[in-house]
Amino acid sequence: MQYSHHCEHLLERLNKQREAGFLCDCTIVIGEFQFKAHRNVLASFSEYFGAIYRSTSENNVFLDQSQVKADGFQKLLEFIYTGTLNLDSWNVKEIHQAADYLKVEEVVTKCKIKMEDFAFIANPSSTEISSITGNIELNQQTCLLTLRDYNSREKSEVSTDLVQANPKQGALAKKSSQTKKKKKAFNSQKTGQNKTVQYPSDILENASVELFLDANKLSTPIIEQVAQRSNSELELTSVVENTFPAQDIVQTVTVKRKRGKSQPNCALKEHSMSNIASVKNSYELESSGEELDQRYSKAKPMCNTCGKVFSEASSLRRHMRIHKGVKPYVCHLCGKAFTQCNQLKTHVRTHTGEKPYKCELCDKGFAQKCQLVFHSRMHHGEEKPYKCDVCNLQFATSSNLKIHARKHSGEKPYVCDRCGQRFAQASTLTYHVRRHTGEKPYVCDTCGKAFAVSSSLITHSRKHTGERPFICELCGNSYTDIKNLKKHKTKVHSGADKILDSSIEDHPLNEQDSIQKSPLSETLDVKPSDVTLPLTLPLGAEDHHLLLPVADSQPPAPDALLRPAANGYSEPQLIFLQQLY
């Protein structure tokens with residue numbers, strides 16, 4: 001039986017492992033960027049990586065930045081693990097260059113096809129644009145201006161209108177409806193005046209702006225001017241001469257693009273549009289750019305992957321590193337990489353031992369401020385603001401409350417890829433996986449013993465330092481960990497029988513210590529010959545004649561040797577033998 005979605009499921013699991021850095025056995029380094037991946041996956045899709053891993057076992061592969069850009073490689077990596085490839089006029093060249101260098105032939109083919117579709121960008125002559133004057137033959141009756149990327153952002157706010165050209169009326173554009181606010185229409189401009197609509201650069205940064213001019217076999221003199229200014233603004237101005245006395249239309253679209261980009265995705269095309277209804281979500285440019293800017297400023301950037309909303313675009317860019325697996329901040333002491341700079345700063349403190357956040361009550365230091373807040377709430381009676389709705393227990397952090405709530409709901413979202421066991425906490429899954437791998441990253445500096453869990457190392461180190469921070473408030477006994485303290489309270493202070501002293505519980509005594517500390521050893525000098533040992537021996541009927549009565553130290557009588565043994569013994573007999581030395 002073959003499962004149709006088995007391959008997709010495998011790729012999905014591998015991609016999740018890559019994003020989490022789990023079982024990744026290689027790191028691709030491009031400048032300051034690092035990408036975790038699996039060798040066998042890369043070698044399966046790239047002849048370049050296949051050749052490298054046949055000849056070397058190095059974990060790190062350094063790629064030439066002039067040949068492979070980080071953004072292009074990121075898209076290529078996503079294609080390898082997901083099978084999806086999003087190409088546009090901005091990234092197609094970088095992806096094609098990276099795929100060609102790494103010998104990913106399938107992507108090279110796709111990029112070539114896509115670049116042919118974008119050929120009008122590299123060859124403006126195909127659009128028949130005259131720099132000064134010219135005649136453009138328009139075949140249909142529609143003039144449509146589409147701003148594609150802005151479509152998805154202002155879908156609910158911007159009206160969708162179709163700008164139609166009617167030579168008899170003498171107007172190329174006319175609004176079909178009026179909004180509540182007063183706006184100036186395109187057809188209200190005077191002859192020779194240019195109205196420039198400026199959009200925020202981040203809106204049009206990846207936008208694809210296409211201007212479709214069609215008329216019913218209309219030959220109209222038109223002035224087209226394409227000028228690239230020094231500040232990297234590409235301004236496309238269309239001035240239609242006043243051939244009809246009723247209306248004059250002047251349209252200007254300003255598209256800002258970043259420095260270093262080859263050509264913006266903006267072109268003047270001629271199309272024979274047989275079915276105008278098939279064109280959806282076409283937007284009419286408003287002459288009031290200020291109002292559009294105000295509406296756009298209210299929109300907050302949102303992650304397309306998880307839906308999280310951010311106050312600033314820079315926060316979104318940092319957040320996207322989590323989904324892409326990009327970790328540009330590397331520790332120079334141990335080589336560990338992080339997605340954010342503050343994570344690296346906190347990590348470096350584990351090497352330096354710096355703890356800048358001090359508790360005012362006990363002078364204990366912490367590497368992070370959140371650790372200090374948690375400590376104060378746990379040990380110094382500060383308010384625990386997070387309360388469980390089911391059992392009313394209060395917690396110091398929201399994450400602790402979330403984990404606790406899973407006890408009531410039974411939710412266990414973290415699954416082991418090896419055995420299928422589920423866990424409520426991610427850290428518990430991490431410790432569980434180490435049982436499979438045998439990894440023990442926490443090593444004692446004193447004796448060299450290694451542990452899979454950091455708390456085990458902390459408890460172990462107290463044996464070297466003699467620290468016993470857990471004290472019983474009833475009797476004053478102290479312990480190295482909370483587990484032994486709870487055990488002590490259960491056995492000693494719950495009405496059960498008394499157990500040994502806490503020192504014996506913490507450090508079990510050996511045989512020699514038990515003899516030396518026995519009450520008998522303080523009063524009597526016990527010799528081995530004075531100790532009788534009860535032995536249980538199974539005796540058969542034929543063995544009964546071997547039993548000899550022993551009275552004091554007198555030898556048995558001669559006739560006793562001939563006396564028959566008693567019959568009917570059904571239970572094992574206890575014979576006390578005196579040890580002879």
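Using N, Cα and C of the backbone, Cβ positions are placed for all residues, glycine too.
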Zinc finger according to Swiss-Prot, located in which of 2-24, 140-162, 255-277, 301-323: 301-323
Matching range for Swiss-Prot feature annotation, zinc finger, among 76-98, 329-351, 559-581: 329-351
Stretch among 301-323, 329-351, 470-493 sharing the most Cβ pairs under 8 Å with the zinc finger (442-464): 470-493
Among 301-323, 329-351, 357-380, 414-436, 470-493, stretch most in contact with the zinc finger (386-408) (C-beta, under 8 angstroms): 357-380
Helix, strand and coil residues within the zinc finger (357-380) as assigned by DSSP: 11 helix, 4 strand, 9 coil
Residues from the same chain, set at least six apart from the ends of the zinc finger (329-351), whose C-beta lies under 8 A from its own: 27, 32, 34, 318, 321-322, 367-368
